[in-house]
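The region 'Disordered' feature in TrEMBL is assigned to 137-158. Sequence annotations record features per position, and here TrEMBL assigns compositional bias 'Low complexity' to 139-153. Taken from TrEMBL, the feature GTP binding site applies to ASP265, SER266, ASN384, LYS385, MET386, ASP387, ALA445. Residues or ranges marked as Mg(2+) binding site in TrEMBL: THR296.
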Amino acid sequence: MAQTKSHSRSSLDMFSPVNLKPVQDDAWSNIFKPPPNESVEERRDRIARQQEAQRVSREIDESILESKKLFDKKKKAIKVLLLGQAESGKSTMLRNFQLAFCPTYFHGEALIWKTIIQLNLIGSVKKLLSIVEDELEMSGPRSRSPTGSTSSSLSDHHRRTRMRLLPLLSMETNLTRQLLPEHYDPSRTPEICVRAGSGWKTVLERVTLERRVPLTGQRRPMTNDGRSKDDPTLVLAASKNDIISLWEDESVREVLKRRGVRLEDSPGFFLTDTARIATVDYEPTEEDIVRARLRTFGVEEHRFLQDNGSEWYIYDVGGSRCMRPQWVPYFDDVQAIIFLAPLSFNQVLEEDRQVNRLEDSIYLWKEVCANPLLARANIILFLNKMDILQKTLAAGIKVATYVPSYGSTPNDVENVTKYFKEKFRAYHKRLSPRPRTFFCHETSAIYVLVPGSHRFVQDTKATQAVLAGVRDGILRHHLEELNVI
C-alpha cells in the first residue's frame, strides 16, 4: 500500500502544490504554458477561450450521455413496421392506430387533414373533368357519325360546367406544388405526395391556421374574411352545386361505365360527400381523416406512449418499388411487422402496368417471411380493403379470370378470402427461418362486414378493436422475449 501511494505521488509531483514549477520537457505543460510576456488583457482572453472550450466540451459530453440514454430507452421500446406495396393502406392503418391509442394527437391534426381531404375531393373532380374533356373532344365536329349524330351524349352544358370548375384545378396545382418533393413530376403520379420529414404539415398549418393565428413578417395574401388565398374552402363551397351536378349526371355516369372507370374504388374518394365537405364551415369527421389519401416518400417514424407505460415506435415506409430497398435498415431489432395485402386480384401496379397487384403482394410476403433478419419478429397479415373485394365480386368480376388456379371455386367473399389466406399461410410456414404462429385479420380502413350479409358499413371502432388485439399480442410476445412472462 505504501508503494502504491509513493508511486501515485511521484506521478503527480508536477501538479502538486509543493512543486509549482512544471517539468520543462513535458509536452502537455508546453501546450498549456502561458505565452511569454503575456499582458493582462491577453491573459483574460486566453482564460475566456479556455472556459468557453470547457463549456462546449461539457455540452458535448452531456449530449453524448443524453443520446446514449435515448438509445438505450429506444432499444427497450416496441418497434413495429408497417409493410406493403403502395396503396395497400399503410398510412390509413397508421391513422387508425393514432385514433385508437393517441386520440388527442389525432384530433389535434384535424385542420391539417381537412385540407388533404379537400385536395382529395378536388383530385377526384380533376379526374372527372379529364374524362369529360376527352369525351367532348370525341364528340366534336370531326367525331360525328355518318348519320350526323355525335358519338357522345355529353353536350355544351357539360362543357360550361367543366369551364366553371377549372379554377379548382389551378388551386390544387398551387397547393400540391408546395407539398411535393423536389424534382417531382405531378404528370407522372397525379396525386398528393409528400416527403417524410419535409415539413409538409407546417405548410398546411400555414394554409389552414393563418386566419386564426396571423403571422408576422412575410404574410401570405389573404381573402376578405381573413383566409389564406391557398385555402380551398371558399372555392370549393362556390363549386359545390356544379360538382354534385356533374357527378350525378346520368350522361357522365354512362361515359364512366362505358370506359370501365370506377372512381369510387380509388383511395381518397369523397365525391359522394361533396354536399357535406364543400361548405364554408366543414369540419372533418374521424372517418374522413382515416379515409384521406396522402402518398408518402421515405420513412416516417411515429412514437406512441401507451397507458401501461410501454413505448412504441411504428414505422410507415413507402411501398413503391423504388422505396423498398429502404426497408432493410429497419428490420434490425423489430418486434413485429404488420403486412397489408389488399386482395386486389384484378388490379395492376401503378409503376408497372404489367404486374398484377395481388401477385406483387404475395411476392413481397414471401420475401419478408424468408428474411433471416426478421426470424424472431411476429408477422401479422392484414387482408386489407375487404370492402373493395366485396364490391369487385358483386360487380361479377371472376377471380379465375385473373388467377386460373382458383378454378371453379365459388366466386364469393368467403371462399375467395379463404383461398388466398391459405396461400399466405402456406408460404409463411414453408419460408419462415424458424417456426412461428400465423396471424391473419380481415380488415378495411373504416368499414366492417355485417355478419351474414357480405355487406360493409362504416365503423372505425371495429378496426380499432382489431388493432387493440394486435397490440396486446405484440406486447405479450415482447415480454416473452424479455423473459418477463
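Each residue, glycine too, has its Cβ placed from N, Cα and C.
Predicted automatically and left uncurated, TrEMBL annotations should be read as such.
Owing to the predicted nature of the structure, the values given are computational and were not obtained by experimental measurement.
Its own atom aside, the Cβ of ASN384 (GTP binding site) has 27 Cβ atoms within 10 angstroms in the protein chains shown. Most Cβ neighbours within 10 Å among the binding-site residues SER266, THR296: this distinction goes to THR296.
Each of the binding-site residues ASP265, LYS385, MET386, ASP387 was scored by other CB atoms within 10 A of its CB, and the lowest score goes to ASP265.
The residue listed as 'Mg(2+) binding site' is 23 Å away from ASP387 (GTP binding site) when you measure Cα to Cα. THR296 (Mg(2+) binding site) sits 23 Å from MET386 (GTP binding site), taking the C-alpha atoms as the reference points.
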